[in-house]
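First the structure, in the form of structure tokens, and then the observations on it.
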Amino acid sequence: MGDAVKMHFTTVDYIIFTILLVASTGIGLFYAFTGGRQRTTQEFLLADRSMSCLPVSLSLLATFQSAVAILGAPSEIYTNGTQYWFLGCSYFLGLLIPAHVFIPVFYRLQLSSAYQYLELRFNKTVRICGTVTFIFQMVIYMGVVLYAPALALNAVTGFDLWGAVMAMGLVCTLYTALGGLKAVIWTDVFQTIVMFAGQLAVIVVGAHQAGGISEVWKKAQNGSRIASLDLNPDPLERHTFWTLGVGGVFLMLALYGVNQAQVQRYLSSRTEKEAVMSCYVVFPCQQIVLTLGCLMGLVMYARYGEESPMDKGYASTNDQMVLYFVMDVLQDLPGLPGLFVACLFSGALSTISSAFNSLATVTMEDLIKPHCPAMTEARATLLSKGLALGYGLVCLAMAYIASLMGSVLQAALSIFGMVGGPLLGLFCLGMFFPWANSIGAVTGLAAGLVMAFWIGIGSFVARLTPSTPLPPLNATALPVTGNMTTMAMTTLASVVTAKSRPTGLQALYSLSYMWYSAHNSTTVVVVGLIVSLLTGPMKEKDLTPGTVYPVLGNLLFFLPERYREKLCCVTPLAQKAKAINSQPYKMAQKESNGMAHPREEDRTEDEEDEGEPTAQPSCRLSHMLQETAL
């Protein structure tokens, strides 16, 4: 192990690191000056709806496979064992449901922003509430993502903290503002390859130094780091099969189903089929990424055992510990530490560039265009670029605020659970429950957000209060993230938790962070439905065709149609022509206000066979949606 507390980069490392930044900027400039040159909002925000499956899927992967996960997963495995690996089980439903439920609905409505859906389904107020919530969520998240790798890098190598933050923030802002979504997607592809290469280099070299992968596995087993299937149903338990495999599904749906950054990628696909395929391609990639993170944690354990670099004072947090391990393993191989740091920064760049682009899109489409319908296309495009630039500067400010937050992995996931959960609930309320009305939607969203921050802030305060019955945090054995008994203490837990198990409000504050998304989205749906039923549920004839997915109709197929009609379970897609001529539906089709008109090649095969235009939906669309049902 290295003697020096700080290990410094060689010239080769700096060159590799600089190549990453230059290449990312180069891709942005390439798309700024070629093709359509980003002269329309359609091209700048939606890549002209021309992307194929592979770049979209790698971009979907890179968007939330940030430096947060690259640093967080190995330290989680090193500290608590492989229980976290079971998160992979949640990827099945977490990607299958978006592919067959959310993508068909969003793609067929030809939206630019996911929040246009909320206006079509409810009204303008719900749309603005959803947009503002999303902006809040992403602005906080991108601060964490930008600050995390810079902090760890600074602690371990002495690399200038705010110099790294500024370099990343400005490079990212530059290529996003100049090259639009096309540049963001192609830089994501490049950055994904760099991420894989960086992690693989560490695992291969580290495992070789430890005596091979079988030796790594043996040491991990001897150190009780290989976790068996923990079927404990207790929602207060930090990581069990249920919190990861079931709670994780809701987290995945919030990320891959309704988050604007991901929806924008689906909508940039050439056809609906390519959008669905990109979701399928992400699945094995996600599993590989999770496996790489876990293997890195095990290699780390094989190297240090119970004597972690934190015990010896080489690192002060779990996140720095991973970077210290990388520098330690690769110190005699010039260039490889630079490759891993490039891998880290790739994760951060891909995430914040997506955040800038999606934030510019929702601000433009949901907050500005509806109030300035006469705006010219050139001015709208210029304003979109200005917004991407503005959000870049906001991100730098948020990075400073992120420096005041706790451990990285849980902080980021908790923000997504706290704010992403209520947004997921809002979309589910609209898409699956035809009788939900706009009053119910706004009330449900408000209730979900209140509940989210109550639990989130409550658990934070509870950890700071010495009198709390929550288990104490020990920096050497547990990550700063734990707010309940963790795997490392399971033997002790069986004895202790019977006496000191939190009750009442303390139990609520001790809820596993993996359940935040599920708990908060369920709150939105339940409150929204109760309020909708009390204030007068929506009639089926008032619904905009294409906005409700017929899940209840499919589940209750055995009931006669007249009963299903009373329960509002018949899909509104099959309604009469007069409903189709309603104002909101026309709004979805028109080209002005930035809402893209379906292009000729985007028409479904059925429509081409029958020679009908897209703007004339009929019963066929109903059958098409029925076919995609799970």
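Quick reminder: no glycine exception, Cβ is built from N, Cα and C everywhere.
Residues or ranges marked as compositional bias 'Acidic residues' by TrEMBL: 603-612. Positions annotated as region 'Disordered' by TrEMBL: 584-630. The transmembrane segment annotation in TrEMBL covers 14-33, 53-72, 84-107, 128-149, 161-181, 193-211, 239-258, 339-362, 382-402, 408-432, 439-462, 513-534 (among others).
The list of residues near the transmembrane segment (14-33) in space but at least 6 beyond its ends in sequence, with Cβ under 8 angstroms from a Cβ of it, reads 167-168, 171-172, 174-176, 178-180, 182-183, 186-187, 190-191, 194, 335, 338-339, 341-342, 345-346, 349. Just going by CB pairs under 8 A, the stretch in 128-149, 193-211, 239-258, 382-402 that sits most against the transmembrane segment (84-107) is 239-258. Sequence-remote contacts of a segment are chain residues at least 6 beyond its ends whose Cβ falls under 8 Å from one of its Cβ atoms, and for the transmembrane segment (128-149) they are 66-68, 70-71, 113-115, 118, 164-165, 168-169, 259-261, 319, 341, 344-345, 347-348, 351-352, 355-356, 358-359, 362-363, 366-367, 391, 394-403, 405, 408, 411-412, 415-416, 419-420, 422-423, 426, 442, 445, 449. Beyond its flanks by at least six residues, the transmembrane segment (193-211) meets 20, 62, 65, 70, 219, 288-289, 292-293, 295-296, 299-300, 302-303, 325-326, 329-330, 333, 336, 339-344, 346-347 of its own chain at Cβ-Cβ distances under 8 Å. When Cβ-Cβ distances below 8 Å are used as the criterion, the transmembrane segment (339-362) is approached by residues 9, 13, 16-17, 19-21, 24, 45, 59, 62-71, 112-115, 131, 134-135, 138-139, 141-142, 145-146, 148-149, 152-153, 157, 164, 168-169, 171-173, 175-177, 180-181, 184, 187-188, 190-192, 194-195, 197-199, 201-202, 259-261, 264, 323, 326, 330, 384-385, 387-388, 391-392, 395 of the same chain, each at least six residues removed from its ends.
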